[in-house]
Amino acid sequence: MSSHKTDKATKTPSIETVTDLTSLRSLNVELKEYLDRTNNAELHELYPGVERMEYDFIAERQNVYATNLVEATAHLIKGCLGAGILGIHEGYMHGGLWTSLATNVLIGFVVQYNMLLLVHSAQKMYIRLRVPKLSYPDLVEAVIATGPLKCIRGLSKVFRYSVDCFLFIGFCSTCCIFEIMIARTIKELMESISTNFKNWQLPISIYILVVAIPLFFISMIRNLKHLAPFSIVADIFCGVCVLITIYYSILERKHDEVRPAWKSVHGLFRFCGICLYSLDGIGVTLPIENSMAKPQYFYIVVQWGMSIVLLSVASVGFFGYWSWGEACRSPITVHMPKDDTSMGAV
């Protein structure tokens with residue numbers, strides 16, 4: 001009988017214990033609010049014996065192959081500069097010259113804000129869950145499962161798998177377009193410099209298979225640190241191509257034609273779709289942040305990276321439509337003279 005009472009007493013906390021725990025929680029909340037307001041670590045001394053209890057996800061990241069700011073910026077630029085930049089001048093043709101330019105800048109700032117908002121929310125979840133990093137599916141599932149909307153907490157797995165599917169569809173379709181563009185470019189290059197390739201008239205599928213071989217081995221590299229040199233070289237090539245495009249756009253400009261500043265609402269929506277396809281990199285934002293050695297400086301990566309992306313896309317679109325007008329076709333390389341040697345002479 002006495003043992004039964006003892007077990008019951010040990011299982012049921014006393015009123016004094018509950019009161020102490022409530023007081024302790026209240027004190028912790030008050031101290032945390034005070035420390036958050038001060039934003040100064042030295043003011044901990046005002047409360048002897050009190051330490052910060054927040055989880056430091058930066059110190060917990062044990063990544064030997066973490067990327068620095070330059071490498072992370074290179075990855076962001078390469079991830080945002082999609083195949084749409086080759087057709088952005090045609091988007092300017094649908095929306096109008098100055099309207100498209102203003103909308104282009106606005107979309108660039110919105111995309112940048114969404115990237116920062118995503119990473120800020122993810123870092124808050126790191127502290128709440130006490131984990132060093134989260135992938136897209138993990139983050140979505142955690143946010144839904146712990147969010148304020150209790151009615152959808154049970155659907156956290158559904159949101160997780162939905163994000164996986166959308167990411168797969170987006171990246172797979174984008175990579176397929178890139179592979180076709182690479183194969184088509186190599187086909188045109190080989191047929192222009194070699195009469196044998198021109199006589200053979202190999203189908204585009206053969207070039208796609210040839211291109212797929214090196215891409216297959218590159219896709220086996222899962223660490224962004226090892227892919228950083230490829231991203232830096234690719235960004236350099238993209239910068240050179242943007243400068244060449246501006247050069248030929250100015251060279252081929254017909255000054256007797258006036259470009260309309262505005263066309264139609266339908267054309268503006270078409271431009272918005274092309275523009276988002278040209279500079280949206282929300283799918284690579286979180287993986288880049290997860291691989292950084294100093295993720296607290298991700299805002300610097302976004303500011304510099306998106307500035308370069310926005311400048312490149314706006315320059316190609318503006319000067320492309322400004323030069324070729326209503327004759328714009330995608331990709332913009334079709335407007336380049338194949339037999340011009342002026343660039344080489346320079």
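Here the Cβ of each residue, glycine as well, is placed from N, Cα and C on the backbone.
As written in TrEMBL, here are the features:
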type: DOMAIN; residues: 69-341; note: domain 'Amino acid transporter transmembrane'
type: TRANSMEM; residues: 97-119; note: transmembrane segment
type: TRANSMEM; residues: 158-182; note: transmembrane segment
type: TRANSMEM; residues: 202-220; note: transmembrane segment
type: TRANSMEM; residues: 227-248; note: transmembrane segment
type: TRANSMEM; residues: 268-286; note: transmembrane segment
type: TRANSMEM; residues: 298-324; note: transmembrane segment
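For the transmembrane segment (227-248), the most Cβ-contacting stretch among 97-119, 268-286, 298-324 is 298-324 (pairs under 8 Å).
Packing against the transmembrane segment (298-324) from elsewhere in the chain are residues 69, 72-73, 76-77, 80-81, 84-85, 88-93, 97, 100-101, 104-105, 108, 111-112, 115-116, 119, 238-239, 242, 245-246, 248-250, 252-254, 259, 275, 278-279, 281, 288-289, 292, 332, 335: each is 6 or more residues past its ends and has a CB under 8 Å from a CB in it. Residues 80, 91, 259-263, 268, 271-272, 275-276, 279-282, 285-286, 289, 295, 298-299, 302-303, 306, 309-310, 313-314, 317-318, 321-322 of the same chain sit 6 or more residues outside the transmembrane segment (97-119) yet have a Cβ under 8 Å from a Cβ within it.
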